[in-house]
Amino acid sequence: MALKFLNKKGWHTGSLRNIENVWKAEQKRDAEDKKLEELRKQIQEERERSEFRQLQEQAGLVPKQERLDFLYDSGLAVGKGSSGSDGGFKALEAPKIETPSESSSKRGSWHSISTPQYGQ
């Protein structure tokens, strides 16, 4: 009995459609693996660079700079935390606004503030 018709069935592993789907899945997996390896290399280079910079700062060869370098980084290091112990975003917080009762306790009375007289 000839079994040539099996190759035309959808579930058969030798059908061209299934072979093509397997090939596409393998290509996609290979591309993802390549991308992950590239990201691993990039993360490793960033770590080495930051460790080298810290060693230079500790040795006194390079002055320590308090900059916002994390804004310009690639984003791979997100979640590591900032180098400062204060959380890194203290400078971005809104300043405290004093109410008239708080300012009067500091200066005396807020009514005693002289206002400029125009037209005299």
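Heads up, the Cβ atoms here are built off N, Cα and C, so glycines get one too.
Annotated features in TrEMBL:
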type	residues	note
COILED	22-56	coiled coil
COMPBIAS	100-120	compositional bias 'Polar residues'
DOMAIN	10-46	domain 'CBF1-interacting co-repressor CIR N-terminal'
REGION	79-120	region 'Disordered'
Per-region confidence, the domain 'CBF1-interacting co-repressor CIR N-terminal' (10-46) (mean pLDDT, whole number): 94
DSSP-assigned states of the domain 'CBF1-interacting co-repressor CIR N-terminal' (10-46) in counts, ordered helix, strand, coil: 31 helix, 0 strand, 6 coil
